[in-house]
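Visitor: Just lifted these from Swiss-Prot, have a look:
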- GLY34, LEU35, SER36, GLY37, SER38, GLY39, LYS40, SER41: ATP binding site (BINDING)
- SER108: active site, phosphoserine intermediate (ACT_SITE)
Amino acid sequence: MTHNPNIIWHPAAISKSDRQSLNGHKSCVLWFTGLSGSGKSVLANAVDEKLYRKGIQSYVLDGDNIRHGLNKDLGFQTGDRIENIRRIGEVAKLFVDSGQMILTAFISPFREDRDMVRALFPKGEFFEIYVKCPLHVCEQRDPKGLYKKARNGEIKHFTGIDSPYEAPLSPDFIIESDQTSISDGADLIINALQNRGII
């Protein structure tokens, strides 16, 4: 879709830096990516809880939850997956512009799509977190029973089974969820954010 020259951008009266100053912290997106069952949502919510306890303005966008509303019109074909991530990238940008920390938990299987979202943000506002977990461990966990359905042919285009997952080449963080507890993984991320002066 091309840009319509008749639609004009209206500048905000209050800047992002003003909102960050009011909140007492910087804003950024923590983009959790990994296979289904790797622990993205659980880890994102654990980080969110720790941020909340520190008085940080934060919010989690979860891949499943978003498909109940904003993206309920999208399926799992390649084009729909791309649009799913594009929309979330734009929503995440709005949150960051509002001065908040936004945590997104989406499989987001394609590098090109994740790079597309990264390009929306200046350096230091987008952090890719690879929640790494072997496929066989994710299948053993199978919290939603989706791997079993995919193996039985009941679900098509399922990431890791009949649709690829492209692991990040240079993520900002790697949390190996089969070797690191959720609490320890969340602490690693919180400590890194503090060391970088984000919070």
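Just so it is clear, glycine is given a Cβ too, placed from its N, Cα and C backbone atoms.
Worth saying up front: this structure is predicted, and the values here are computed from it rather than measured.
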Visitor: List the other residues in this chain whose Cβ sits within 8 Å of the Cβ centroid of the ATP site residues GLY34, LEU35, SER36, GLY37, SER38, GLY39, LYS40, SER41, in sequence order.
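Guide: Other same-chain residues with Cβ inside the cutoff are ALA105, ILE107, VAL131, CYS133, CYS138, SER177.
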Visitor: Indicate whether LEU35 (ATP binding site) is helix, strand or coil by DSSP.
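Guide: Assignment for LEU35 (ATP binding site) reads coil.
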